[in-house]
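Visitor: What Swiss-Prot lists as N-linked glycosylation site is Asn200, Asn395. Taken from Swiss-Prot, the feature region 'Disordered' covers 1-24. Annotation source Swiss-Prot lists transmembrane segment at 36-55, 84-104, 123-143, 145-165, 177-197, 209-229, 282-302, 314-334, 341-361, 368-388, 404-424, 436-456.
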Amino acid sequence: MGATATDIEKVPSAGTPDEPKAGETNVYVDTEAEKSFVRKVDFFVLPMLCLMYFFDCMDRSNLANAKTDGLEEDINLKGNEYSLLILLFYIPFGLFDLPWNLLIKRYSARIMLSLRRYAVTVVWGICALCQCAANNFGGLLAIRIILGVFEAGFFAGSTFYFTLFYTRNEMGFRLAVLQSFAVLASAFSGLISFGLFQINHSAVKGWQWLFIVEGAMTLIIGVIGFWWLPDTAQSAWFLTQRERDAASARLLRDTSAEIETKLELKAAFQTWSDWKFPIWAVITFSYPVAYATAMNFFPIIVARLGYSVVKTNLWTVAPNLVGAVVLLVVAKSSDIFRERSLHIIFSLTVSLVGMLILASIDVSHNKGVSYFACFLLASGAYIPTCLVHAWHNNNNTNENSRAANTGFFVGLGNIAGVLSAATFRTEYAPKYVPTLVATCACNGVCILATAFMGTWMRLENRRKDKEQGARIVAGQVETRMLADGEKSPEWRYFL
């Protein structure tokens, strides 16, 4: 049994307090301690997770940079073997998200995220060295599959971990900050690649140095993370007791019906039979295709402009940096207005326009327009990753259910990377028009599904307002009062 509202100090009042009305609060939250708590979590927890995710993404996406330095020729890749290296990585990368997240709920994020990060560091370091000796498709494929197992679960686990500290209107921006480090990893991977590819060594190629150096850079951060991250706010070494009390109260006000609950599988899978679950599945499967296209194939797309290996890697930096800034701005707007669906649709539309331009013009004669389209793709492709998962978590007050749903939906999105990799076939080079068309189709499906879900939620909120004769929005009713979830009379969807 987790902590509930009865465990939290109530506001003093004369007589027996009535049940709180919409917009009122019975849970006392020390505002000064709350502000101090948020500042400390932003300072101690968020940066550590961002650094861990940065190196996580560096390891995952450097294959595209290595390709520009002659990886295919050096290990004799033939036909679609490069696409297979990416495609087969995404299978374990998607399948292991749910198990990792349930383990995080059972044993805490501090243990699972850090040990997983440390394990992948050791495994990747060993594999990087073995890769230098193997120099063949089979060896590299084995490395990618092992990497996929250990890389899985970090974003899903971090998303669930954030719900143990942040309220619903704080989630979007914090996830965007985390996601921006993935974008920065993609950008800096190009800069690091530029430097390492200049190393002239007869025995070790530039792309091999890339794997070795980026793998080694993750070791220290993985070890520190294990000792640095707290299990929950209640066990955080950097908080005072007053701040811990404020942390519990604020989560019961605007995140969870109960906190610090034990893992219960029945509760974890309780929403999987709901009719909306398949709609969420469509959304979380379709939006990541554009993200995977941008992350894994950006250097290849930019290479269509006809520049050298060095310039190709450098020219991927600017679109990613702009994409990171746009990501933070849109996510902050989403938190301020407590609105997700329209912001998601906006971002999907921006990346859709970019891909349509890339698919429809002759790149060799329209380099400026093509490069501008890369900026549009980067500006829109990264945003749904944080807002979609903030959205479905915002509409779920059960910790167990959030852990399972987030693991499944993030894993489903990771498997969607298979679609992106499968469509980047050598026979489609150099324009990759079928690839871009398929990605556009996925964006279109996601726009429709998101619009449907957002519209239905708005209509349902209005129906309840009409029945109860009062306009209530998500946030006015404390989540501690919503133990029955969507069946609670005062439930309102976070739009």
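A Cβ is built for glycine as well, from the same backbone N, Cα and C atoms used for every other residue.
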Visitor: These are the glycosylation sites: Asn200, Asn395. Which one scores highest on other Cβ atoms within 10 Å?
Guide: Asn395
Visitor: With pairs fewer than 6 apart in sequence excluded, do the transmembrane segment (84-104) and the transmembrane segment (341-361) have three or more C-beta pairs that lie under 8 Å?
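Guide: Checked: the transmembrane segment (341-361) vs the transmembrane segment (84-104), no contact.
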Visitor: Restricting to CB pairs under 8 Å, which listed stretch, 84-104, 177-197, 314-334, 404-424, is in contact most with the transmembrane segment (145-165)?
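Guide: Of the candidates 84-104, 177-197, 314-334, 404-424, 84-104 scores highest.
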Visitor: Given a Cβ distance threshold of under 8 angstroms, which distant residues of the chain, six or more beyond its ends, lie next to the transmembrane segment (177-197)?
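Guide: Residues 46, 49-51, 53-58, 61-62, 65-66, 68-69, 155, 158, 162, 206-207, 209-210, 213-214, 294-295, 298-299, 309-310, 313-314, 316-317, 320-321, 323-324, 327-328, 378, 382, 385-386 contact the transmembrane segment (177-197) from elsewhere in the chain.
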Visitor: Is the transmembrane segment (282-302) in contact with the transmembrane segment (436-456), using three or more Cβ pairs under 8 angstroms as the rule and ignoring pairs under 6 apart in sequence?
Guide: yes
Visitor: Tally Cβ pairs under 8 Å between the transmembrane segment (84-104) and each listed stretch (209-229, 282-302, 404-424), then give the stretch with the top tally.
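Guide: It is 404-424 that shares the most Cβ pairs under 8 Å with the transmembrane segment (84-104).
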Visitor: Report, as numbers and ranges, which residues of the same chain sit near the transmembrane segment (404-424): CB under 8 Å and 6 or more residues beyond its ends.
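Guide: Apart from its flanks, the transmembrane segment (404-424) reaches 83-84, 86-87, 89-91, 93-102, 152-153, 155-157, 159-160, 268-269, 271-272, 280-281, 284-289, 291-293, 296-297, 300, 385, 388-389, 392-393, 396, 432, 434-435, 438-439, 442.
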Visitor: In angstrom units, rounded to an integer, how far apart are the Cα atoms of Asn395 (N-linked glycosylation site) and Asn200 (N-linked glycosylation site)?
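Guide: Between the alpha carbons of Asn395 (N-linked glycosylation site) and Asn200 (N-linked glycosylation site) there are 54 Å.
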